[in-house]
Amino acid sequence: MKTILVNALALGFAGLMAGAAVAAPEKTECLAGAKPGGGFDLTCRLAGNSLLAARLIDKPMPVTYMEGGVGAIAYNHVVGKRSSDPTLITAASSGSALLLAQGKFGQYDESAVRWVGALGADYGVIVVAADAPYKSLKDLVEAYGKAPGDFPIGGGGAVGSQDWMKGALVAKSAGQDPKKMRYVALEGGGAVLTALEGGHIKIAAGDAAEMAKHHAAGKVRILAVMSPERLPGELKDVATAREQGLDIDWVVWRGFYVGKNITDAQYQDWVDTFRKLSETPEFAQEREARGLYPYTVLGADFERDVKKDVERFKALAAEAGL
Amino acid sequence: MDLGYLWAGFSVALSPLNLAIGFTGCFLGTLIGALPAIGPINGIALLLPIAYTMGLPPESTMILLAGIYIGAEYGGRISSILLNVPGDAGAVMTALDGNPLARQGRAGEALMISGLASFVGGTLGVVGLTFFAPLLSTLAIGFGPAEYFVLMIFAFATLGSMVGSQPVKTLIGCVIGLMLATIGLDATSGAYRFTFNEPELGDGIEFVVLVIGLFSISEAMFMLEHQAKGGSVIKVAGRTFARWADIVRCIGPALRSSVIGFTVGVLPGTGASVASAVSYTTEKRLSDREGTFGKGDVRGLAAPEAANNATAAGAFVPMLTLGVPGSGTTAVMLGALMLYNIQPGPQLFAERPELIGGLIASLYIGNILLLILNLPLVRVFSRVLQLPNWVLVPGILVLSIVGVYSTHASVLAVVMMLGIGVVGWLLRKLGFDMAPIILGFVLGRVMEVNLRNALAISGGDLSILFQSTISIVLWIMAAAMALLPFVLGRLARRAAAPSPQVS
């Protein structure tokens, strides 16, 4: 008990010393628009844990959960009730941009909040069963183009979700109509794997971090990573889609937004804090522990990227007839 | 057979936290079972959100809920014997011989005999579960969307036997549940359905909101409406230790009834009330040569008690291995798993052995705890029979509102829960049972998604639903299940007992 107290005091004191240079507000809070344990929770904890470890905040950042509509409730809450609260950051992902593009966040669009920055990313992958005859994405696209009806495509989300979009990009590359794709909406990556192993689907769309270990274990085969460059680690031997002549990237970034009505200085404080954070070894460690690849885009760059994403998703959705 | 999962389960269930949680569950379950008005399903509905908000891991929550479930099967006998009012549906037959015994001044003995019979039934049931569950789960990998859909058809076919007496109302209740399940984000197309642009409805009606509304709120309204008449509680007097000769006479009936109870429990959709009725009538035919059944025969007391406790264990078999709830209570427990993002189904055994092993191990431990709790402490539990409604009803309301608000932090959720409670109360006044609604709601989404996925795979060709062996066997079983209630119903009718709602 005593040692805990002493440690806590020491930590607090150290925090106080570092506090002089800290730009983040005294009290902070992270809003996760889902249940504990989901992607938004992971994003909040990445920021919270590494900010504390790097001593950029003194007190642990509490995570508040507001489940509903894959972040829609949290978005409406921030816009409607907390738009001038400088202590609150809310977790978001490229999925949020996709939902915004499809008007699934209610009456508000992407300019109803301010986008602070992305701290990490995952990338889309195209996966087939370990015993499938296709060795490259090119083989698969060719075969798909000949008989699209033989290839049920599975993903961990509904029609219009990120996994569906990845499937649609494959269908488009094969010169087929994404609307006619046999898409199977499964519940999460685990169900996708089971369906692939059981032969119920022929192609799976997923995320690199989750599929990498199953690829390494020989349970499935990743044909391509949808990133601009090859990914480090277990997937370093998997070619990118670009290398195989298909221009289909899919970045799943994870980042944060804040209320629209905080002052420019308060916004800049968060951007500076994250910039400082992204250069610390503590952050690199936390990011790796959460299976995310390096991807840091902050401030005005991020605002522009999000808007660009939303435009791109709108175009894709229109093309796919959503 | 590989029972490694069970040993791993014991290490989960014997951790100090889970042991304490299991004990709490058993204790509360006995209390809840003893209270005439509320059964295990109400207790589970009330405690689930609290356990979830406390951040208990899924296996601990399941151990708590399972403790309440089996505890209530023990507790139900207390009010049957002392008050002649069954504490829950499974204890209806217990009153037939238990209450006459108590009137003869042998209440203490009756409680002990029934306690021992409960232990025998409960323990044998868990042994059956231990060996049965891994067998069924070996089928897991063959289950694709088409097979899941047929499995759900099978589950709905079993509904007929759940309430039996009013098949039309059961079907209507089930359709209400199915309809409620369509509210919210459609998992296949990603469209919002029936949300009226209200973001809070985006994920549909929350399970906790529905369960608490239907079971706790409507129950509280029912209790307010029908003031229980106190006063006829028989005091536990005289000797409290059963005669050795009586115990020996009960061994045969208890063993036979355990087997009947477990078998009935495994069949999805048939609850403890059917099991205890079947076992009582069987025993009456087999051993009642003197015509003493119904006048205070210890064998007539031991048989239904052993059966209803074995049923509780049997009901876990379809729930844990196939994801098909065997009763209303197990349907709520399935919903609890989904709250933790755990998809119940054939793959559960392979993916979460610690969860299933821990649950089964906790049932062994729970039965021992319950035997210890129920023999010496039975006088304490008999006290709760005198608990007045003016304490009970506000207590239930407070727990309900706190439970829902703490889970969802939303006033709309609380309002919806109250609204659903009022509708549930009206439906119950019209003679509807709540269990089919919950079953329709829990299974509806799984059924819809899998049907649409199966058709997406086949490109709209319905023949995919009849292709695999698993599907065909399930179709045949579903047809058989739809006919079974007529057979069982005839058996149960011979007992000539009114059967209240399924627990």
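Using the three backbone atoms N, Cα and C, a Cβ is placed for every residue, glycine included.
What TrEMBL records for this protein:
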- B:20-439: domain 'DUF112' (DOMAIN)
- B:32-52: transmembrane segment (TRANSMEM)
- B:110-133: transmembrane segment (TRANSMEM)
- B:139-159: transmembrane segment (TRANSMEM)
- B:171-192: transmembrane segment (TRANSMEM)
- B:204-224: transmembrane segment (TRANSMEM)
- B:322-343: transmembrane segment (TRANSMEM)
- B:355-375: transmembrane segment (TRANSMEM)
- B:387-405: transmembrane segment (TRANSMEM)
- B:411-427: transmembrane segment (TRANSMEM)
- B:434-452: transmembrane segment (TRANSMEM)
- B:464-488: transmembrane segment (TRANSMEM)
Original post:
Which stretch, B:110-133, B:139-159, B:171-192, B:355-375, B:387-405, tops the Cβ pairs under 8 Å count with the transmembrane segment (B:322-343)?
Top reply: B:139-159
Original post:
Taking 3+ C-beta pairs under 8 angstroms (sequence gap of 6 or more) as contact, is the transmembrane segment (B:204-224) in contact with the transmembrane segment (B:171-192)?
Top reply: yes
Original post:
Between the transmembrane segment (B:32-52) and the transmembrane segment (B:171-192), are there at least three Cβ pairs closer than 8 Å, leaving out pairs fewer than 6 positions apart?
Top reply: no
Subject >> Criterion met for the transmembrane segment (B:110-133) and the transmembrane segment (B:355-375) (at least three Cβ pairs under 8 Å) >> reply: yes
Subject >> Average pLDDT across the domain 'DUF112' (B:20-439), rounded to a whole number >> reply: 84
**OP:** Determine which residues of the chain contact the transmembrane segment (B:171-192) at the Cβ level, with the cut-off under 8 Å and only residues 6 or more beyond its ends counted.
**Re:** 156, 159, 201-205, 210, 427, 432-442, 444-445, 447-449, 452-453, 456
